Amino acid sequence: LPLDCFCRDNVCKLKLCFPSPVSLQVANETLHTDRPNLPECFQLSVLSWLPSIYLWAVSPVYLFYLKRNNKGYIMMSIMNRFKTVFGLLLWIVCWADLFYTFHELRLSLFPPIPFPSLLVISPSLPSQLLATFLIQFERLRGVQSSGVLFIFWFLSVLCAIVPFRSKILQASSQLRFTTFYFYFGMVVCELILCCFNEKPPLFSNVVTDPNPCPESTAGFLSKLTFWWFTSLAIKGYKMPLQAKDLWSLNHRDTSKVMVPKLLKEWEKEQAKSLSSQAAYSKPPQLTTNHTAGGGGESSPEEVEVLLSNQKSAPRQPSFLRALIKAFGPYFLIGSAYKLLQDIITFVNPQLLRLLIAFTKQKGVPDWWGYALAIAMFFTALLQTLILHHQFQYCFVTGMNVRTAVIGAIYRKSLVITNAAKRSSTVGEIVNLMSVDAQRFMDLTTFLNMLWSAPLQIMLALYFLWQNLGPSVLAGVAVMIMLIPFNAVIAMKTRAYQVEQMQYKDARIKLMNEILNGIKVLKLYAWENSFKEKVLAIRQKELSVLRKTAYLGALSTMAWTSAPFLVALTTFAVYVTVDENNVLDAEKAFVSLSLFNILRFPLNMLPQVISSMVQASVSLKRVQSFLSHDELDPDSVDRKSSATGKVKRSSKVRTCTMLLSSYSPVSVGINVMVPQGSLLAVVGHVGCGKSSLISALLGEMEKVEGDVSIRGSVAYVPQQAWIQNATLRDNILFGRPYNEQKYRCVLDACALTPDLQVLPGGDMTEIGEKGINLSGGQRQRVSLARALYSDAEVYLLDDPLSAVDAHVSKHIFDNLIGPEGVLKGKTRILVTHGISFLPQVDNIMVMVDGRVSEMGSYQELLKQNGAFAEFLRNYSLDDIVEEDEATGTHFSLLSSYNSAKKMVELVSWLCVILFFSMLLQRIYSKMRNCSLTIQRRHSETQEKKKPPEVEKLIQAETAETGRVKTKVYLEYAKAVGPLLSVLICFLYGCQSAASIGANVWLSQWTNDASSNQTQENVHMRVGVYAALGIAQGILVMISSFTLAMGNIGAARKLHFNLLENKVHTPQSFFDTTPIGRIINRFSKDIYVIDEALPATVLMFLGTFFVSLSTMIVIVSSTPIFAVVIAPLAFVYIFVQRFYVATSRQLKRLESVSRSPIYSHFSETITGSSVIRAYGRHNAFVLMSDMKVDENQKSYFPGIVSNRWLGVRIEFIGNCIVLFAALFAVTGKENLNPGLVGLSVSYALQVTMSLNWMVRMTSDLENNIVAVERVKEYSETKTEAPWEVEDKKPSSEWPMQGNVEFNDYSVRYREGLDLVLKNITLKVKGGEKIGIVGRTGAGKSSMTLCLFRLLEAAAGEITIDDVKIAEIGLHDLRSKLTIIPQEPVLFSGTLRMNLDPFEKYTDEDVWKALEHSHLQKFVSNQPAKLELECSEGGENLSVGQRQLVCLARALLRKTRILILDEATAAIDLETDDLIQSTIRTQFEDCTVFTIAHRLNTIMDYTRVLVLDKGQIAEFDSPTNLLSQRGIFYGMAKDAGLAQ
């Protein structure tokens, strides 16, 4: 009997597998009945084995994964106990079933099917045991929710449903019936329990994190449907999200993990490259070429020739390879999902074919149709879930790539050489961070399409071949013809892309400089010239954009028309080749749905290729930046002084230094500085003093010799570098706070009085570049930072040049000098002031990069060399004027120019010095309490603010709530109202043509049923072609029109932004970080130029596709209209949730992006300081934190798209379900053509609906850029540049009379007055010195003349013209200022002197001659066309100051204002400048803000300001005799007895 049973079972299997006449009965039972049922043997074999096969197949991999990933240990919970108990009970049930079967066999009863029963039990037994083991093992490894077991239980339930139904229908053995019920019930319970989460494992970071990302603790189902995001979506819908609402970043996505991962691979690449290069070139040969005497110029060419002779170039390090190795494995998981999704995509067209066949057949059971409809729904649902998980993996990879690339660029920028820094400006590197890193991110999203698109095309063609036979080849031919067309477009686009990036870089670089030097532009009235330069670059950029847009329109037409053209040619060939070929609904609409599948890969492929093209450009840029030379960390030998007693603290032995690729700046230097000594370095401008300091810091390229420094280093640069942080943070610079030490440092640096005036004391926030501190305060903060660092070696690069005389004396005595806090430390002081030289241990005199003399003060005097000569000329001068080394001075030497007196003076030198120091100390103690803040004139908010306002730079605000309709209208207005209407109309027409073509096709297929196929074939093909071609042409026209409108809008918006920014008052720039303004010009304009047009195009496209789908389905099955309302409600509901959250996330992401770039540009400018103090790692950490903060708002943004996609596509899948169900219910009244039309449209609506919401959101997100640009285009502007009816004559001012009449001014509304009721008259040609303590209002007074500050009361008249009534440019172009800080712009030297090209070359050379630059410029090969780098970095500070003097000489106006204009100049050059000013500006009215009193002792009158009021105003002689404030200052400076 068992044998008989076994045979019977095998026959049953055969019947199932090989349909034959024998199996007809089974088929009738299964298919052709209204109560279908599966054969029992199938139920007991296939259905029972399926879950077990799955579990045993997955287990090895899963167990290996669990072994590798231990998240901690989860305590045994009640739920876990239940799971385990149920598992064991199931195992017992299986045993019971098995024993019962044996019992039946032993009794020799005739069981229903005993042998298959063994088959059932045998897999279930071990499987249940394995499942129970996994439940416990997962708990021990910290798994909160198991996907593997969920799928196992789900399959078990699914496979048990059919047997369960069968057992109910045919009641069988009582015990087996009971055990199966019991089995089924417990499997369902296991499935339900599996949907819930366990508690987090013990000691996991989820417990410690205040706001952890719920993804890590989410259950399998929650992860599958992205349900874990819902809480944030609800929160975002209720109220606008804020930064504090965002989850922490997953640990694996942080910079801490990602950046080292990429750098590790990149270092491996570089190591491989170096090993391969070793065979090709030997660095020592190159360096000898470099320094070969004077023949330096020819060496690079020789090297080039040598290299070009090599057979094959050495292997370059590949950044791409590093990226692939670092991020490839994670990305591959996404690729696996993509493969699965591609295969599932082709199931629905096959189901559609069956559905159309079903509607044709009469008398078939209805459940067939319903089963097909439900199968279509579930296929689409599965496809949705897989697709979005693929996207999630790709987007997270993209995010990780961006994090890693930004981190790598930041780390690199801290260690690149000076030469490399010159080749990449700040603007360019910021672009690498913002645009190029973004491009990598965009590409990873669709990178899978590279292999997926060809796969989808091949599968589609295979199914089409099955459907239509060889006619498909005609369609393939059309596709192949379109490939070169798309390729040409892609290549062209690539070329334009590169060109556009260059223009963009140039524009951002120029904007960066304009914003950095905006004050100078305003003072010189040069805004127009620079505005025109920006607009010229912008014009080129837009013309490239226009060409790209034309190509884009062509490519849009190609991909819209491609599927149609393929369909047209295929159908036309199919019906004309053979008369027997009939195009029926089944063939036409299955083919059409396959062509629609084809559309996605066909249109994505060119996009991915162009995206790859852009990314390849970015890749090269990033790779070349990361391949730049780095500073050699071993160029300076640093040994701690702790290792025994070291006598020499710093030495430089026969060392030749290069500043990038220029000629050597320091040659053959030999210096040895004993520990604890003070060395002064003196010399002319540009002789290599600062370069020596740079060499000691390891900032220069060392050609030969060695440099060693023992112990830690503190560095004070010539131009103080201040962070955008509190004053205290700037001083502590990352070191722990020690109250006593801190107070001592403040006193030594004379900062204590300043704190009383700053609104928040030492917790006052300092603006970018220290803009709310004066030059002197910045320098003292820089000194305080050095002192607090408590280093062993102090490198001081001219720190006393920017402070007042008494402060300078205070700092030298209390800090640097032999009695200062730093005594016993090694100090190297670069200085131009010589009154301190007698007190230093050694003096080193530098000339042209070499040491000319070295020794103590007395030794050098005895040697009677260049230094002694220099000293004799300038010593007296300097004693009397120790200062903030910036006032202009007329030498007092005229009174002492006889040689006899010289000898006396030198002998009296020490006596005078001693007395002046004594007086100084007494004076500084008396005056200490009266020291107030010295305001830097350029910054409007230095005015004391109300105490409650402590933040100078307000946090960037993020708009909240919906984007106002006004913003859309503003954009539509920029595009053009008529054009906007026309674009919508064209899109409508294009959709109408598309519907027309498909309806026509539906009619054509109905010919098959009425046998009229041959009669109308030509007419059918002709009309179909005409409608399709019309659609293609309309697409092209609408794309063209849209592109033109967008470019017009981009031009207007950028122009308005630029126009507003050059008209914005100075105060705006003082309170707004440059990074924030640059962000508007780079990222936001990029969005308006490139992202917004693409979004608008996609939005209009998807909107009209979705609309036409609804029209088609409703017209074919009107009952569908009933479902539209609820579906639309759910759709809008989900959309509102999504858009509210997504928009705010995008805004938060925008706001958190600026600090990354602000901090980055700040870091680049202060990189040498950061390196000197060894703060490299701290700054890297700070940057990483800012990037992570930014990604914290980006990550939920990605997930919100997935969350939306799953829900919206579910609605789309419901549309498919209802379209199919209504087609089944209305089967009797519908023809196959309409069913095909309706369902094929429904199948493609899912994607459109999804994209439509996405585009609605993207449109809102991208229109934010318009909102942000608009915000900065509407800031308050200053007075007009020209007032036509009040224009002064071209000769004005003739005399140069200046009159202040009861004049008062304040920095901003609501602040105190800085100048109060000033009344004075100055006659033309008078020389006025302006003096006063810090904060007396000296600088404010000069700013008033230029109207950088507008009057609060009173007026200023110049030659009887009220300056408040005339245009700003008319005023400013008639005044000249030599500002405190020399600002140069990148461009030629000539452009820097004369941007409007008003003067001849002869005039320019004359100005250079008078400013003592002629020799320097004529020695340059390019002469006047000498390229100045960004900020004039390739000139020394002194040379830059001389260029500013040359500007003043060129303008030669009647009124000259000098603002501490000789800060960074040695005494000799200063003397030359003074004589130049005296001779060249003899007839002019001169206002000098003086700190060196001796420079103004021969002036006509001196104005003494005190607390914003005139304290004294008379000739210097009279003022001295009055013994007032001026007398006190003169006495202090040793100019009066």
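Yeah, the Cβs are placed from backbone N, Cα and C, and that goes for glycine too.
Here's what TrEMBL has on this protein:
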- 275-291: compositional bias 'Polar residues' (COMPBIAS)
- 332-614: domain 'ABC transmembrane type-1' (DOMAIN)
- 646-873: domain 'ABC transporter' (DOMAIN)
- 981-1261: domain 'ABC transmembrane type-1' (DOMAIN)
- 1298-1532: domain 'ABC transporter' (DOMAIN)
- 275-304: region 'Disordered' (REGION)
- 46-65: transmembrane segment (TRANSMEM)
- 85-103: transmembrane segment (TRANSMEM)
- 115-135: transmembrane segment (TRANSMEM)
- 147-166: transmembrane segment (TRANSMEM)
- 178-196: transmembrane segment (TRANSMEM)
- 367-387: transmembrane segment (TRANSMEM)
- 446-465: transmembrane segment (TRANSMEM)
- 905-923: transmembrane segment (TRANSMEM)
- 1021-1043: transmembrane segment (TRANSMEM)
- 1091-1113: transmembrane segment (TRANSMEM)
- 1119-1139: transmembrane segment (TRANSMEM)
- 1210-1227: transmembrane segment (TRANSMEM)
Please report, as numbers and ranges, the same-chain residues at least 6 past the borders of the transmembrane segment (147-166) whose CB is under 8 Å from any CB of it.
37-38, 40, 43-44, 47-48, 50-51, 54-55, 58-59, 62, 127, 131, 134-135, 138, 180, 183-184, 187-188, 190-191, 194-195, 220-221, 223-224
Could you pull the average pLDDT for the domain 'ABC transporter' (646-873)?
80
Which listed range (178-196, 1021-1043, 1210-1227) shows the maximal number of Cβ pairs under 8 Å with respect to the transmembrane segment (367-387)?
1210-1227
Name the range, of those listed as 446-465, 1091-1113, 1210-1227, that has the largest tally of Cβ pairs under 8 Å with the transmembrane segment (1119-1139).
1210-1227
Let me spell it out: take the transmembrane segment (1021-1043), skip the flanking residues so only those 6+ beyond its ends count, and list any with a Cβ under 8 Å from a Cβ in it.
546, 549-550, 552-554, 556-557, 560-561, 564-565, 568, 571-572, 575-576, 979, 982-983, 986-987, 989-990, 993-994, 996-997, 1000-1001, 1004, 1093, 1096-1097, 1100
